[in-house]
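Contents: one structure, followed by commentary.
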Amino acid sequence: MTVLTNKKINNKTFIDNVKEVLAYIGIYSVLLIFAFVILYPVIWIVGSSFTEGSSLATATAIPRNPSLRNYIRLLEETKYKQWYLNTLTIAVINMGVSVVLTGTMGYVFARLKFAGKKFGLLSILILQMFPSFMGMIAIYVLFLNFGLLDQPLALVLIYATGQIPYNTWLVKGYLKNVPISLDEAAYIDGATKFQTFKRIILPLMSPILTFVAVTQFMAPWFDFILPSFLISSDEKKTLAVGLYELINGLANNNFTMFAAGSVLVAAPVALLYLFLQKYLVEGLSAGANKG
Amino acid sequence: MQTDINSLDKKRYSRWQKIFGERMTKSGMLSLFIMGAGQLRNKQKGKALFFFSIQLVYVLIEILTSSIVSGGLPNQPKAWGYGFFRKGLWGFFTLGETTGGRFRDNSPVLMIEGLIVILLLGILIFFWIMNIRDANQTAIEYEKSGQIKSSKEYFKHVFETSFAYVVSGPSLVLLLLISIMPILFAFFTAFTNYDAYHNPPADLIDWVGLGNFVKVVQLPGWRTTFVGVAIWTLVWAIIATFTTFFGGLFLALVVNNHRVRFKKIWRTILILPWAIPGMVSLLVFKNFFNQTYGPLNRMLGMNIPWLNDPTLAKVTLIAVNFWLGVPYFMMLMTGILTSFDKTIYEAARVDGANKKQIFWRVTFPILLSQVMPLLIMSFAGNFNNFGAVFFLTNGSPRNIAYEYAGHTDILITWIYKMTKDFKMYNMASIMSILIFLLIGGISTWNFMRTDAFKED
């Protein structure tokens with residue numbers, strides 16, 4: 001190898017040098033253009049949130065007199081804190097419920113044999129293909145009759161149920177890589193199925209369950225359709241609906257306040273994603289193969 | 001059990017024999033009429049009690065909820081005196097008969113109750129078949145061997161397998177009630193006149209058969225909208241998938257180039273759009289491209305109708321989706337490219353291939369085969385990409401020729417508008433069915449090819 005490269009360097013001509021320089025220019029200009037296109041809107045929205053005025057027309061990337069006025073207005077004039085709290089509550093409960101449901105379903109479908117297994121797998125596979133709000137009218141009528149309308153926590157029922165099909169396949173695929181001899185050894189030692197699940201499989205499932213937990217924690221923050229259907233009062237709204245209504249129609253009056261709200265919710269999420277990126281990508285590509 | 005089924009397969013029994021057992025025995029005939037009776041004849045008391053009590057629960061529910069027990073009320077229509085199951089079926093098939101007054105019928109509620117009843121009856125039928133099959137198999141086994149397994153053994157077997165059902169029970173109930181039932185409801189709504197002109201409970205809803213489907217095909221307004229929106233949805237899904245895929249591949253190659261320094265910093269900047277919640281980005285872009293006040297036009301000093309011109313709005317939509325979607329593919333490609341076996345390149349180089357040839361003949365085909373399932377999933381995702389269209393353009397600009405849809409509306413946002421804003425539930429359901437057939441078909445085909453499915 002080294003001989004080869006040395007030879008190459010020695011044979012370098014003027015044209016090769018020009019080519020090399022052009023390659024550098026080309027690559028770095030691509031990177032710079034993309035970086036600019038990506039960063040400009042981000043900087044603009046952060047700048048807007050510190051702008052003094054309230055309209056879209058006054059919003060600039062670099063505010064002349066930076067102020068926290070929009071953040072103060074957001075917290076005082078709207079129910080932003082309440083929305084944040086609602087969403088956080090839903091997110092945490094949804095995370096817990098989803099992990100329990102998916103963890104058990106994934107284990108059952110990966111490890112146990114029972115009548116109707118193939119039928120069950122096929123049904124949940126088909127279930128995950130329906131547009132999410134196809135059954136919305138029925139859910140609306142159902143919630144109406146059970147007095148669940150305008151109850152933020154009732155959303156958890158739908159989120160946690162809706163994720164079962166996809167994530168069951170995901171966990172099942174993951175468990176395929178955990179040797180079944182571990183289960184068998186436990187059975188030989190006299191463990192029941194529940195003990196095997198709790199002591200042996202559950203700890204091994206933790207990476208994929210963490211992925212489920214993170215995605216299910218994130219889901220309610222930016223889901224718009226469900227709460228827009230099922231929640232009507234202002235103090236019970238989630239962030240997605242609140243933010244959307246803050247800007248919809250009144251963009252020119254509330255824009256900088258919306259910008260402040262966006263920064264407050266997007267910044268922690270973005271940091272979380274960047275922090276967990278390796279993990280999330282693994283989960284996402286695992287989902288593609290599903291084992 | 002397992003061997004029984006296998007031997008049945010070998011002997012090529014008909015479908016009925018596979019379901020009900022090799023042949024109808026006397027025990028089977030008894031179980032056909034009263035669940036558990038055949039088991040009693042087979043001298044398996046435990047099993048007999050098990051099947052009989054399932055049947056008993058259904059019968060008791062029916063009797064206790066009917067007017068036989070609670071008594072009728074004055075002026076009560078006959079159907080209101082039916083028990084839970086009969087009323088459910090009556091409600092499903094008639095969708096109600098009386099409006100107004102104390103006993104007014106609420107059609108959607110009746111349909112939902114009916115669907116729940118039908119699902120419960122389905123479970124009963126399942127047990128009924130199991131009961132006949134069990135009676136037959138036990139009887140035949142007895143004739144052959146003269147021995148009968150005790151119920152105890154059977155229940156031990158049931159208990160072993162029931163762990164799966166107990167553990168997944170809550171999930172199954174939730175799925176049945178919150179996923180399956182609503183989907184069935186939506187499916188059947190496509191065959192009713194549940195729209196803006198029929199407002200239950202003031203009005204009743206009726207079955208109209210295939211009337212709505214005929215409307216989509218025959219009425220010019222609906223036909224134009226459907227064809228227009230469907231074509232744009234397809235074009236959008238294909239372009240959106242390809243641009244983000246090749247954009248991501250291109251960026252991954254650029255960042256991986258040996259000439260690039262500080263790779264980590266570049267990569268972090270480039271994946272930023274993936275980390276920012278899509279809804280926020282889209283709403284920001286909606287304002288960014290605002291024709292009068294948006295920063296882009298102010299910066300350019302021009303008055304370009306980014307989101308107000310039909311064609312330009314579509315281009316902007318694709319561009320914004322590119323911004324949002326490229327990072328994901330970039331990360332994915334980087335992952336796949338770095339995991340590549342380097343010896344393939346060496347082999348290709350030795351064979352005299354140049355860089356271009358290596359990429360297009362070696363790297364790219366391998367890459368494509370690895371991301372194909374993802375590409376198809378991404379296509380399905382874009383096909384139903386509600387957020388991109390709803391938050392950026394909300395379907396606008398308006399299209400006068402369309403029913404309830406704008407120029408940039410895709411099927412899913414059209415459905416949303418028809419449901420939420422215009423209450424055209426039946427037409428929205430038709431479109432949902434169509435989307436399901438298309439996307440469901442593609443996804444199933446995509447999935448059947450993976451070995452994850454073949455194994456189970």
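Glycine too: its Cβ is placed from the backbone N, Cα and C atoms.
TrEMBL annotations: computationally assigned, not manually curated.
The domain 'ABC transmembrane type-1' annotation in TrEMBL covers A:84-276. Look at TrEMBL and you will find A:21-46, A:83-109, A:121-146, A:152-171, A:200-222, A:255-276 tagged as transmembrane segment.
Only pairs six or more apart in sequence are counted, and the transmembrane segment (A:200-222) with the transmembrane segment (A:83-109) gives three or more Cβ pairs under 8 Å, enough to call it a contact. Counting Cβ pairs closer than 8 Å and at least 6 residues apart in sequence, the transmembrane segment (A:255-276) and the transmembrane segment (A:121-146) reach fewer than three and form no contact. The stretch from A:21-46, A:121-146, A:152-171 that makes the most Cβ contacts under 8 Å with the transmembrane segment (A:83-109) is A:152-171. Tertiary proximity for the transmembrane segment (A:21-46) is limited to same-chain residues at least six positions away from its ends with a CB under 8 Å from its CB atoms, namely 59-62, 259, 262-263.
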